[in-house]
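Trainee: Before I ask anything, let me first share the structure, which is written out below as C-alpha cells.
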Ligand SMILES: [Fe+2]
C-alpha cells in the first residue's frame, strides 16, 4: 500500500515538473516573439525617420530592402541561435547561459517593443479635437461608378488588384472646424483639401478625372493642394483634365512634395502655374475677402525652399487669419511656434496599410505614426492631415484614399 502511494506521488511530481517545463517553453517562446516584434519596430522606426529626410528615392529604396530583409531574417536567427540551439531556452536551457553579447540586443528589442506599445495606445486613444464639430463621409467606389478596371501599366500596378485593396474606394470627407480667429464675415468658408495625387500611370487618368469632377460639384470657395502630384513625368499631360478643371472664387493654391522633388519639380510647378494655380511655396500671399485678410503660406521643407517668413516678423502688417500649406505634418511644431491658425498637410497617406488594433505602421515622419492622418490641435493651431488620394504603391488596407471639404466656422 505504501509502495503504491509513493509511485503515485512520484508520477504526479514528474507530471507537474513536465507541466512547468512545458509552461516555461511557452513563456520563453513568447518572449522570443516579443523580442522579434521589438526588433521589427526598431527597423520600422529607422525607415520612418529616413523617409522623412531629404533623401532621394533610389537610396530610400535600398534602405527599404535592407529593412525588409532584417525584419524577416532576425526572428529566424534568434530562434535558431537562442531558442533551439542546444541548450537553447526552448529546450530547457537558461537565459543566463546565453552569451553576454545578447544582452544589449535584447535591451534594444525590448525598447522597440515598448515603443510599439506607446504607438498602439496613442492610436487607440486618439480623440478628435473639440474644434472639429462635425464630420461626414461619403464612400465613392470609382471603379463601380465608371465601370472600368482603372489599372494602368505604371509602377507596382500588380498591387492594385490585391484582395481587400481599398484604393478605388475613396472617402469624400466633410469636416467642420470652429476657429477662434476666423472673421465672422468668413463664417462657412469652404476649403477643398486635396493631397498626394501621385500621377504615375498605375491608376489611370479617368480615376483622377472622376475625383476632380466630384470635388468640383461641392462648390468650394478655396482649393488647396498639399503636394506630391507626379511620379512619372509623362503624366503631366493629365493636368488639363484633372486639376485644370477645378475652379474656386478665392483661388487655387499649391505646394509640391517629396515625390515631385524626385522628378522635374520646376517643370511641374510651371505646368500648374500655367493652369492658373498659385504657387505659395516658401512665401506668403495676402488674400483679401469680405473686408478681411488671410495670409496663405506654403512650405516644402525639408525637400525644397525654406519656411515662409511672416510679414509681421519683417515689420509688416499681420492678417486676420493665417493658413499654412505644408507637405509634411513634421512642420506642425514650427507652425505652432509661428502662430498659424490652420495647417493643411498630407504626405503620410494615413500609413496606407493599417493593422487591426495596432493601426498604421509605416509613416514617413520624424514623429512616426503620430500624425499619419486626422485633425490635431496644439497651442492655437489646428492641423488637418489628409490621407491623400493615391501613392506610388497602389495599396490601401483599412486606410481609404481621401479628399476633404473643410467648412470653417467662426468661433467669435
Ligand atoms: Fe505622397
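Numbering starts at 1 and runs along the chain as it is shown here.
Backbone N, Cα and C atoms are what each Cβ position is placed from, and that goes for glycine too.
Note that TrEMBL annotation is computational and uncurated.
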Trainee: Check each of the ranges 26-46, 131-151 against TrEMBL and return the one annotated as transmembrane segment.
Mentor: 26-46
Trainee: In terms of Cβ proximity under 8 Å, which residues at least six beyond the ends of the transmembrane segment (66-85) contact it?
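Mentor: Residues packing against the transmembrane segment (66-85) from afar: 28-29, 32-33, 35-36, 39-40, 43-44, 46-47, 91, 98, 102.
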Trainee: Report, as numbers and ranges, every residue of the chain located at least six residues beyond the transmembrane segment (26-46) whose Cβ falls under 8 Å of a Cβ in that stretch; write 'none' if there are none.
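Mentor: Here the qualifying positions are 63, 67, 70-71, 74-75, 78-79, 82-83, 89-90, 95, 106, 108-116, 361-362, 368.
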Trainee: Across the domain 'Calcineurin-like phosphoesterase' (189-350), what is the average pLDDT of the model, as a whole number?
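Mentor: Over the domain 'Calcineurin-like phosphoesterase' (189-350), the predicted model scores a mean pLDDT of 96.
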